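S.K.: Got a structure for you, questions after.
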Amino acid sequence: MSLRPISSSSSSSMATDTEKLTNLKSSVSGLNQISQNEKNGFINLVARYLSGEAQHVEWSKIQTPTDKVVVPYDSLAPAPTDLSETKKLLDKLVVLKLNGGLGTTMGCTGPKSVIEVRNGLTFLDLIVKQIESLNSKYGCNVPLLLMNSFNTHDDTLKIVEQYTTSSVQIHTFNQSQYPRLVAEDFSPFPCKGQTGKDGWYPPGHGDVFPSLKNSGKLDALLSEGKDYVFIANSDNLGAVVDLKILNHLIQNKNEYCMEVTPKTLADVKGGTLISYEGKVQLLEIAQVPDEHVNEFKSIEKFKIFNTNNLWVNLKAIKRLVEADALKMEIIPNPKEVEGVKVLQLETAAGAAIRFFDHAIGINVPRSRFLPVKATSDLLLVQSDLYTVVDGFVIRNEARKKPENPSIELGPEFKKVSSFLSRFKSIPSIIELDSLKVTGDVWFGAGITLKGKVTIAAKPSVKLEILDGAVLENKEINSPEDL
């Protein structure tokens, strides 16, 4: 099931594909910036892509997973209360954060994980604090691994130096670096004179498994008696170590677990878990035939989506990587760089679920999915809706509704710096249902927002919401409305 239409098997196209691959191999062999492992991994990925290896999903074969396959979180046995038992569990665990992304979409330079989330603490600060508090509470030694990309590697090494006094062992390794393909003739972009960073790409987080192995980290962790790795995006503030989940996986010998959570209308495009030909597997929107896309997005039929919080057995990773058995669906990502059309072939870690034994999903509470993808998310986590205790971001119990307010901020708020300058202080939003802001709007201090609030400044009009204002179910289009 690669995410690409099957190539026609006429001899002419087959010949050109073979030629493409032969030419590519010889070009790639001369790229001295990357290792032999990376060269091999890249050529294998391209070969699989060109062979168009498998069909789209057969829609009629899709089944809704049972509670055995996607286990309700509330049905998990309680974690052991005994401190020494808990220490035993945690000593088998490693936490791995995917740290390859840059903060560019939020107007920041450097790794996204160093954006300040709250009280001057960055994503990385919070992650380190969480693990410190676990290690000190239980006397265990849970290490932190950061998988960087070539985009974030140098900066991360500098940033990690500030944690040298921390009790947490922090290890970094790089995911693969692959050359972008020039779409026109399938040659590596770096061979066309693009020698800078723009010639390369990191091939998605599915690469975490071979990169763990190739970096030597996997064998080192196994020799230290580690059994499981908890993988999550560094920007998901809800992805904290959960003893109930870890305990369940160890008791039931599950080699792989994906945390899923109920879909809301905001998540209709998220990948979902299905039962397919007796296996649990991830179904992404890109794999869905056009005529079924609306059905895929429906909350009735596909009720859950992938949070990308993954728990995976380390020995199983070693076995499958060594057997070259992790052939996840290929996601073609076409881009244009300096006027040249290029292709990036990527894979996702969640798609590996079907290759592991006794793989399951666990349907977790929404609180375990709190990603910060934009400044609208930053508004939520910096507001009185949350507090931070020992690095854990905890929701305010005064909020009675289970879901968070929906927040839409216009392009004026896109960059973190502009966002911060437009709020004297973050408003109180405990009783807010939705907020939509467009245009040149500035917020004073001590503002309270309740119900449904829309603030739309007309072009070339500056709207200032005064200190201490309380806006409840209001639509504001001009200064008079205030």
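Note: Cβ is positioned from N, Cα and C throughout, glycine not excepted.
Take a look at what TrEMBL says about it:
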{"type": "BINDING", "residues": "Lys112, Gln175, Gly204, Asp235, Lys373", "note": "UTP binding site"}
{"type": "BINDING", "residues": "His205", "note": "substrate binding site"}
S.K.: Taking only the residues the record lists as binding UTP, namely Lys112, Gln175, Gly204, Asp235, Lys373, what is the largest Cα to Cα distance between any two of them, in Å to the nearest whole number?
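M.R.: Across Lys112, Gln175, Gly204, Asp235, Lys373, the two farthest Cα atoms sit 21 Å apart.
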S.K.: Are there residues of the same chain, six or more positions away from Gly204 (UTP binding site), whose CB falls under 8 angstroms from its CB, and which are they?
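M.R.: When sequence neighbours closer than 6 are ignored, Gly204 (UTP binding site) has Ile331, Glu346, Thr347, Ala348 within Cβ distance under 8 Å.
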S.K.: How long is the line from the C-alpha of Asp235 (UTP binding site) to the C-alpha of the residue listed as 'substrate binding site', rounded to the nearest angstrom?
M.R.: 14
S.K.: Can you name the binding-site residues among Lys112, Gln175, Lys373 whose CA is within 10 A of the CA of the residue listed as 'substrate binding site'?
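M.R.: Qualifying among Lys112, Gln175, Lys373: Gln175.
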S.K.: Can you tell which of His205, Lys373 has the most other C-beta atoms within 10 Å, given these are the binding-site residues?
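M.R.: Checking each of His205, Lys373, the winner is His205.
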